[in-house]
Structure formats: structure tokens, C-alpha cells
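Asker: One structure coming up, written as C-alpha cells, with questions to follow.
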Amino acid sequence: MSKKRLYEIAKELGKESKEVVARAKELGLDVKSHSSSVEEAVAAKIAASFKPAAAPKVEAKPAAPKVSAEKKAEKSEPAKPAVAKEEAKPAEPVAPKTEKVAAKPQSRNFKAEREARAKEQAERRKQNKGNNRDQQQNGNRQKNDGRNGGKQGQSNRDNRRFNDQAKKQQGQQKRRNERRQQEDKRSNQAAPRIDFKARAAALKAEQNAEYARSSEERFKQYQAAKEALAQANKRKEPEEIFEEAAKLAEQAQQVQAVVEVVPEKKEPAVDTRRKKQARPDKNRDDYDHEEDGPRKQQKNRSSQNQVRNQKNSNWNNNKKNKKGNNKNNRNQTPKPVTERKFHELPTEFEYTDGMTVAEIAKRIKREPAEIVKKLFMMGVMATQNQSLDGETIELLMVDYGIEAKQKVEVDNADIERFFVEDGYLNEDELVERPPVVTIMGHVDHGKTTLLDTLRNSRVATGEAGGITQHIGAYQIVENGKKITFLDTPGHAAFTSMRARGASVTDITILVVAADDGVMPQTIEAINHSKAANVPIIVAINKIDKPGANPERVIGELAEHGVMSTAWGGDSEFVEISAKFNQNIEELLETVLLVAEIQELKADPTVRAIGTVIEARLDKGKGAVATLLVQQGTLNVQDPIVVGNTFGRVRAMTNDLGRRVKVAGPSTPVSITGLNEAPMAGDHFAVYEDEKSARAAGEERAKRALMKQRQATQRVSLENLFDTLKAGELKSVNVIIKADVQGSVEALSASLQKIDVEGVKVTIVHSAVGAINESDVTLAEASNAFIVGFNVRPTPQARQQAEADDVEIRLHSIIYKVIEEMEEAMKGMLDPEFEEKVIGEAVIRETFKVSKVGTIGGFMVINGKVARDSKVRVIRDGVVIYDGELASLKHYKDDVKEVTNGREGGLMIDGYNDIKMDDVIEAYVMEEIKR
């Protein structure tokens, strides 16, 4: 038989454990505490002892009338609620009603219960206040004992503290038991629970019945039609059977459509969720909130244990649910593996060089491992992240049976494609454009004077030294038609500028002086024009001079491939005088005639492209570039890429210095708004938005930097000797600052071409703009001097140069810069000396003097012997000694030299083995000018 503990019996009876233990001892049971266990029979005996003897079973009485909560509260005492209930029981029953009333569960009066609990808590607080007062008095006694007593007082205090704690714990346990009893009573009086499963089953059955009723009629119609068809099939032909079957099928579809359109009526769903009931407040008094010490620690430990137990239970549940722990599912069949869908191969595959195996696999919907296997069979070892070249990709696609096509990628940063292809032009929008004419020729042959005459301005007077320093672009109007002129320098240093002018021009006017004829730069201009396939118009200038000979010029040009139309060639010759405005109109008419033959056209509707004629850095405006529009129309605020830089057209001025907003084809304009000054000769293109222009410009700058790094020379076995030899050369470091980019290029090229043996020119830095402080700092660090061409240093840069002793040389004529640089380079060389024999003498007699040495008497037979000259001793045609004279005398006098035919005496420094008939050769070392 099972056993029960006494505290379990007390809990069932709603009594305290002390009362149950005392009653068990009264019944003669050997129990020690509430944890003692007894048999079930003994437990029943103990429980029976608590039941009142005078409580016989009473027959069922009629239902007592409801008593109001206020009356119950008046009858009940706050200190002992249980006794109050017992006293309320013997109330006389009310006469039963004649009507039979169904028994209803009596509802709880929560308000009355809360008021009873409040009164009970108030009584308990009064008792606790008295206990606290007693405890305070005991504490004061303990303090007095502690002051007066010694060890005995300390032990008494400990005992009293222990007793107080024990009493406190007993009181807490008592209140806990009372709360449990009240909760048990409330749980016994709770309303019966709702069976949700039964309700759900009933609802489902009702829904099924409704569905059966709605579909019964359709089923009967279908069954009747089926039976009628079966009867008709017995006596009809097959053709009629098929026709009727088709009709019935149509009818069935119509019925089904009607059923689908008309929704079935559904009863509103019954809310079967359990309503949230009001839970009574826990019977806790304010004394529990004021507790601290062991009581509070015990509560914390119990809450921690609850959390720990919950975690352990969750861990155990998860462990049970893990794969393999469920023994009942071991023999179950595994779930079927879903088959992968088969994707058909594409018919075409567009690829780019450098595609990886993984990218190809994704495009053709195949596994990378399959492609790696195919490549291995083809003899190509590759991984899925490895890039493949175009040839390998094509072979792979052939193996799969796919047509491979290489994707043509348009490089957004490549603006050169606009100058090679013209597919972007609209043929319907092409219009005639002005011709671009370049004036070329030798220096001082009258190019700028001719252009000055054409423009009716005095440009030539502003040029230093009478030569043009950089390209100028101008536009004039002749007979209602515009002509754009480019003026190129004629000096030898500006070869690259003439080449750029020929590349953007349509017609070349070759100016040749009638008195000078063909010169080196004339031949160079002819070669540039022929290389650019540009027609040449020869303007024989200065025919007003007395020594002019145009026929000689025509003959010299014919020797270089420029034939006159009069001689059967294709070049027009016009004799002019730019100074006196002679035959200028004829020259312009010839230009328009040649332009008409060429049929020059452009599309002004597309975005503008063109070439940089010149670029410079302005102190107030920043980077300024002179552009020649070749196709399209350039507008203000257009996003533009120029060479390796980009920007937006902030302002635009024409050749007259006036602001314009639009520039059509063959129009030269100066723009501002670029990030940096571009290089002369760079191409430009307008983009659709600033974002794409910025991306293209940054990409072009990045490529230019990479190209520059790749061009860096490396030391190899072939050039090792040249590198070592170059290290022995002396170097002249130069920083070049000029007004325009063309002058910078010309200066750099000219200085590097200076050929002085043993010295080389190193261009440390070259840029456009004024000389600033950073240039001076760089010159000081690199031991260089600064050459300023048509620019001046800032005041701060000048002060810093004086303080740091940096040399700044300012020039406005290029050939003077070259001459000055040659002198500086020659001055850096070590002096070079040449040996020069000044005389010969023969030893006639020797004299040995003690403590002095050997003195040789000689006679000069050729030239002279000087005191500061060097001498060689030659014996039998062999040089015995080479040294210097220690003394030279004529008789007894010291002399500076002994001339031809005279006699004298000499003594050689450090040499005494002089003999008769020795030849003394006197010579000096003279410096050679380079």
C-alpha cells in the first residue's frame, strides 16, 4: 500500500501541519514531524478525526435563497473567516418554491472576498506592529547587554537572533499555508472547463452536413443524366451517342459555371475561443513586500531554479527530437529526393573574353563540375573560378552544340572611336561647314603678316622676336562664307605644333618667301600636309621685294613634289604681298574653290567632338583650352571629356573675345571649367551627363598613368652598359613654366635635343602657368634652375627664390633659351687641355754641384724654353723622363725663358741623370674651347 506524508494530509484537509501532527500523536501514532509518512488507512483515520461528529448526512433540501454579499460581510469576522462561515450555516431555510428550478452554479462574489481579505490583512498588520514593537524592545535590550556584557552577552544575542529568525520563518510558513488553502477552495469552486475538441467536432460535422445537402441535388442531376445516356446508348447509333455525350458535357459545364458563380451560403462562424476570465488577486499582504534578508534570497533562488529547470526541460525535448533518437521512426522509408529540372541548352551564347567557368555554367544552366570535366577532356585544366579566353569558350560551345558569338563591348572612355567611325552621324542632317585652313611655312616668311592682313588686325606686332609662339585660331567671312584659319609657328622647335595643325585642317596654305625660296621648315610643312592627305595652296609672298623670283620658288617646290596646276600638278599657286594686301582676294577665292571641291559637311545635331588647339592655365579662370569643333554643336554647361581630364563648359568665348553660348562645326572657341589643363592635340567629346563624363575622364587618367608606368625603362643586360655610362654624365636639371602647352612641349623637345658631349638635360617638371612657390621648392630640392617662357614669378616665389638662392631665367624668344642653355651645359664640363710643344734644346755640358744636383748646359735649337713649361728628356729617340723645371738661368741670372739660338742652364726637378746630347723638349697644356 502506498503511504502519505502528514503535510499532504494537512493540505487535503485544509489544516496546518502542526494540527495534523498533534492529532496523529493524540491518536497514538509515532510521528515526529510533518514529513513523517503513514499508511493510507491511517491517513483516512486521521482525516476522519477532523470531521465533526454531529454532522450526519442530511437529505437534499431545497435551494437556499441567495444571500447578498453585504450580509455575508456583516456576519463574517475578519480575524477568523472560517468560523464565520460555520456560523452562517444554521440559517433557517426558506420555503421552497412550487416551481421546479434547474440547479445553477452559484457565482462568486469577488468584491465581498476582496473586502474580507482587506479586513484580514488590516488585522494582521496590527498584530505585526505589536510584534515589531516587541522585537524593537528586545533589540534595545540586546544593545544594553552588548554594552555591559562580554562574551556571555554576545552568545545571548546570537541565541535571541536565532530564535527571532525561527519565529519569523514560522510566521511566513503559516501565511503561505493559509494562501494555499484559500487557492484550493477557489479552484474547487471554479466553473467547469469547456471541451473545445467536442465543440470543434460538432462544428465540422455541421459543415459536412451542409456541404452534403448542397451537393445532393447536383449529384442527383448528374446521376439521372448518366442513366438516361446509358439507356439511349442501347438503341442509338455510335454517331448519335457521341453527339448526345457532347451536349451533356456542355450542359454539365454550364451547370458547373453557375455553381461556381453563385457562392454557397455559409453560417457565421461561431467563436469557440475560450474567453479570458478574471483571475482573483493573489492573497499577498504588504508585509511580504517589506521582507528582506533570508526571505528575499529564498525567493530569488526559487526563481533561478525555475528558469534552470525550464532550460533543462527544453534541452531534453530538443535532444529527443534530434535525428536518430526517435526509435519508432527508424524503419520508416526515407523521403523521395526531388529530381532536378532539366533545362534545355540555349541556341546562341554571347561571351566576352575572361569569363569564368562559373559564369558560363550559370548562363547555359549546367553544373560547373560538368564544364570542368569537358575542359579536362579537351586538355584544359581549369577551376570554376578560372577565367577562359575567347578561343577556349568557342571550343566549349562547339562541344555543347551552341553557336558562340563574341559580345562587342563599347568602351565609354574611348573617345577616339568618334574620329574613326562616322556611323553615329545622321545623313539627313548633314550641312556644309566652313573649311579649316592652316597657314604653314618657314620662320619670318610672312605667315602671321598674311593672317594679320586677313583679319585686319596687328597680331604680328605683339609677337616677341617677330615669330609666332603658339597656335592661334581665327575665323573670317568671305562672300558670305566663313573660313577658319590656324596659324602655326615656323620655328624649328615647333614641329609637333605644325603636325597637330595639319591633322585638324582641311586645306594648307604654304607661305614661301619669293626672295628666300624653299627652306627647311618649308619642306617639313610639305611632309606634314602630305602625311595628313591635305591639299596645298602655295602663297608666294614678298613679291614686292626687289630680289623676288617666283619662278625659282615654283621650280624648287616641284623638286619636293608640289606641282602647280599650270605644270600639270594639283596644287594652286597664288603670288601675293601680305604687307601691301596684294592678291589677297584671289587667295581667299582659291580657298573657297578648293573647299567646294572637297564637299566638306558636318552634322550639327549630334554631340560635339573636336581637337584641342591650345591649352593654358590662367590665374583667375583656371584651365583654359582652345577647342576646334569638328562635328556637332558645343553648348555652355555641356559635360565634356578633354584628353585625360573632364569638366563642364562653364564659359565659352570666340576668337574676338566675345562670350557665346553655341559653337557649331569648324568653330574655334576658348572654354573654361576643366579640372586640369589638357595637352595640345588631345581630342574632346561631349557626354550625355556629368556622371558618365566623370567616369570616362577618371578611367582615361587611370589608363594614362598605367601606360606611363609601363613605359618606365628597366635595366637589362643589353642596356646595362649604356645605363652605367649615362651615370657618369653630368646633368642639368631644368624646370620649365610657359604660358601655353605648345610652348612647353617645344621648349622641352628643344632642350633635350641639345648635343653637348658629357652633359645631358633633365626636365624635372614642366607645366603651364606662372612660377609659384612650389616650383621654387622643387628647384631647391632637385638643384635645378627655372626657365620661365612668357610667364613671371609671383612675389612670394621671387622672395623665396632669393632666400633659397634658386636661379630663375625669364625669356620670350625660344632660340635665346636654347643658346643660353648650351652655354650653361658647356660651362659644366671639366676643362679640356691639349699639349703644345713650344721648343727644343740640346745638352752641351753637365755640371754636378754637391747638395744641389746636376746642372745641364743647353742651347735652344727650336722655339723657346720657358720657366713654367714642362720638359721631356729624350735620349736616342726614347723619352727617359717627363717632369718640370726646377730652375732656369742665363749665365748667372734667373730668367723666365730662353729663346732660340741662345744658351742657358737648367735643372730638372727630381731628376739628375742628365747626359750630353740629351734632347730637352719643352711643352705647355692649353685649354681647348668647346
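Cβ from N, Cα, C; glycine included.
Relevant sequence annotations retrieved from Swiss-Prot are reproduced here:
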REGION    50-217  region 'Disordered'
COMPBIAS  50-67  compositional bias 'Low complexity'
COMPBIAS  68-90  compositional bias 'Basic and acidic residues'
COMPBIAS  110-125  compositional bias 'Basic and acidic residues'
COMPBIAS  129-141  compositional bias 'Low complexity'
COMPBIAS  157-167  compositional bias 'Basic and acidic residues'
REGION    260-346  region 'Disordered'
COMPBIAS  262-295  compositional bias 'Basic and acidic residues'
COMPBIAS  309-318  compositional bias 'Low complexity'
COMPBIAS  337-346  compositional bias 'Basic and acidic residues'
DOMAIN    432-599  domain 'tr-type G'
BINDING   441-448, 487-491, 541-544  GTP binding site
REGION    466-470  region 'G2'
REGION    487-490  region 'G3'
Asker: Summarise the model's confidence over the region 'G3' (487-490) as a mean pLDDT value.
Answerer: 57
Asker: According to DSSP, which of helix, strand or coil covers D444 (GTP binding site)?
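Answerer: The three-state answer is coil.
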Asker: Have a look at the binding-site residues (D444, K447, I543) and report the one with the fewest Cβ neighbours inside 10 Å.
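Answerer: Candidates: the binding-site residues D444, K447, I543. Fewest Cβ atoms within 10 Å: D444.
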Asker: Specify the secondary structure state of I543 (GTP binding site) as given by DSSP, simplified to three classes.
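Answerer: Coil, per DSSP.
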Asker: Including all protein chains shown, what's the count of other C-beta atoms within 10 A of the C-beta of G441 (GTP binding site)?
Answerer: 26
Asker: Quick one: DSSP breakdown of the compositional bias 'Basic and acidic residues' (157-167) into helix, strand and coil?
Answerer: 11 helix, 0 strand, 0 coil
